[in-house]
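Before any comments, here is the structure.
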Amino acid sequence: MDREAREHYSVVIQAKDMAGQVGGLSGSTTVNITLTDVNDNPPKFPQKNYELYVVESAQVGKPVGKIKANDDDIGINADIKYSIINSEGANTFSISTDRDTREGIISLKKPLDFERKKTYTLQIEGTNTHVDPRFSYLGAFKDTATLKISVGDVDEAPLFSMDYYIMDVYENSPGGTEVGTVTARDPDSNNNPVRYFMAESDEEPLFRINESTGVIRTTRPLDREDRPWLNVSVMAAEVANPSLVNSVVVTVQVLDVNDNPPEVPTDEEVIVCESSRPGQVIQTVTAVDKDDFANGQRFSFALPNHSAVNPNFTLKDNEDSSASIIARRRRFNHLTQELYELAIVVWDGGEPSLSGTSTLTLRVCPCQRHGRLKVCQSEAFLTSAGLSTGALIAILLCIVILLGTAPHWIIALQHLTHNHTLTHFMYG
């Protein structure tokens, strides 16, 4: 029996007593018979050749068409799996099965390009997923069809020759210096001319571009120490269709030139212990340079040539980009002189070499040693509380004036401070 030819039957059954003799009684009933399905029909494409039109701007991953094979069976016996069996089609397209409609949904795996390839041929196979081995003698439960896909041309935005550009220019180069060139073309067969321009910005532009050639130039000198890397967005549009625009990022590296003199940091005082001896290293100093490693980090040091010989300190270049301040005499006294100044000239290793002069402040004080660290020793309880020697003397003077004491107080303070200007201050 063939369910696909006829699925339902009605059978009338009659029963008689008395063996069917005259005068006997009878009864009848109707039996409705429904044939259950077996997978005895392979899937069949209604036709062997199909055609499909897809524009080149179709999105990757989105459906672009459908195809369907018919199966006379029902239920799971009619389930079909679709596949693309040739490499040309499988590389660019994919196919999946819609469970509700049992259609093959064709989707795009890669972008299409009309100018490179205008047609694709897909060999599509539809196969039953639940095969009954009892009917294997009927042959393979699958069918194939050929689908020809024609790619439609779309007017596309200009295409840059690179995904991004990296260019460089030396700092301090005059405005109008060429940085580099970007190139874009119309990917369509018309090959329309392209116009270049830069994205607008609230800041004053650092670069300009030739709208016809794509040559990028600076608008003013650049400073590497201010901004070593700069990013600009370059746009390209078809002259015939300005709405078709593409963009690319151009990264510009500002190359270093030796335009910053080195200097010795002067933000901290140098401590000179009163017990220092001739030849003793007071402090080792280094230099800083805003230029990069190629034009810096190799320093030499010396005292200024025009200055007289310093009787208190000298300088030794360690030839490792550092220098040592060395005491020239024995013992210092902070009561006699607390602060000294020492000018140091430092040269960098750039081309051409630049030099800078920094003045260090050296402070004399009694020292305590905490490991290798020199720390100034407290002089008095008021000093430890935050009052300097000058502030302490001022307080004592106020007390003397208020009490009206004899001038021998002044003489005592003179002796303590070794400061004869105090006498001039008192006697005005």
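FYI, residue positions are counted from 1 along the chain as it appears here.
Note that Cβ sites are derived from N, Cα and C of the backbone, with glycine treated the same way.
Unlike curated records, TrEMBL annotations are generated automatically.
Computed from a predicted structure; not experimentally measured.
According to TrEMBL, the domain 'Cadherin' annotation covers 1-45 (among others). Mean pLDDT for the domain 'Cadherin' (1-45) in this predicted model: 92.
The domain 'Cadherin' annotation in TrEMBL covers 46-160 (among others).
Residues or ranges marked as domain 'Cadherin' in TrEMBL: 161-264 (among others).
Taken from TrEMBL, the feature domain 'Cadherin' applies to 264-381 (among others).
Look at TrEMBL and you will find 380-403 tagged as transmembrane segment.
The DSSP breakdown of the domain 'Cadherin' (264-381) into helical (H, G, I), extended (E, B) and coil residues amounts to 4 helix, 53 strand, 61 coil. Under DSSP, the residues of the domain 'Cadherin' (46-160) split into helix, strand and coil as follows: 16 helix, 51 strand, 48 coil.
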